[in-house]
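Enquirer: Pasting a structure here, questions to come.
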Amino acid sequence: MALCLGQVFSKDKTFRPRKRFEPGTQRFELYKKAQASLKSGLDLRKVVQLPEGENLNDWIAVHVVDFFNRINLIYGTMSEFCTEQTCPIMSGGLRYEYRWQDGDDYKRPTKLPALKYMNLLMDWIESLINNEDIFPTRVGVPFPKNFQRLCKKILSRLFRVFVHVYIHHFDSVCSMGAEAHINTCYKHYYYFISEFHLIDRSELEPLKELTQCKIRLDKNMKVKKRASNM
């Protein structure tokens, strides 16, 4: 039986505090709406659609923060299996290699162990979503003009975590009983970025076959469900 992600984590591990939305705010209400739809078992393609009358930037902000929280949790579970010895380079198989560049400590694209790369990535994303000038939480404060461009960059970098986990550590994920949860997280993420065209298709190439397989399975399940209800 698959376990919930909270059950597969070692209690002595330390994870980053989750970014939360303030109760009473519009974004908090949107977050609750998104979570309720997700837990209801609705078609994920419908779950990600912008609710009528809602602001697109608010909807994107809610999902970027939620995906950060969930993927950060996935990354945290991998620290036991993803070491400098097992993964000396942040990669997705032999064809794809990701190098870190932030303009500060790493001014040029730099090869790093996967765990180091992902740690720097999570630090970078956390600094952005906690920046009030980029992810404003106060009512009436507008999003910056480059908000969606920044979110596209965040989401494209988070995709690299999925690539590394699926290609290099999925056996470990299965052994922990977390396969179903990570698959659901990935499908939710994929349908969201596809709905709003947030990542260039070429960036998704490393998991193209896996993604197509999951989409076919979803379609087959829906066909079977409709047939059983007739």
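Glycine is treated like the rest: Cβ placed from N, Cα and C.
Per TrEMBL, the features are:
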type	residues	note
BINDING	Cys82, Cys87, His164, His169	Zn(2+) binding site
Enquirer: Near Cys87 (Zn(2+) binding site), which residues of its chain come within a Cβ-Cβ distance under 8 Å, counting only those 6 or more away in sequence?
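Expert: The list for Cys87 (Zn(2+) binding site) reads Pro113, Ala114, Leu115, His164, His168, given in order along the sequence.
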Enquirer: Other residues with Cβ within 8 Å of the Cβ centroid of Cys82, Cys87, His164, His169 at the Zn(2+) site?
Expert: Met78, Phe81, Thr86, Ala114, Leu115, Val165, His168
Enquirer: If you count the other Cβ atoms within 10 Å of each Cβ, which of the binding-site residues His164, His169 comes out on top?
Expert: His164
Enquirer: Around Cys82 (Zn(2+) binding site), how many other C-beta atoms are within 10 angstroms of its C-beta?
Expert: 23
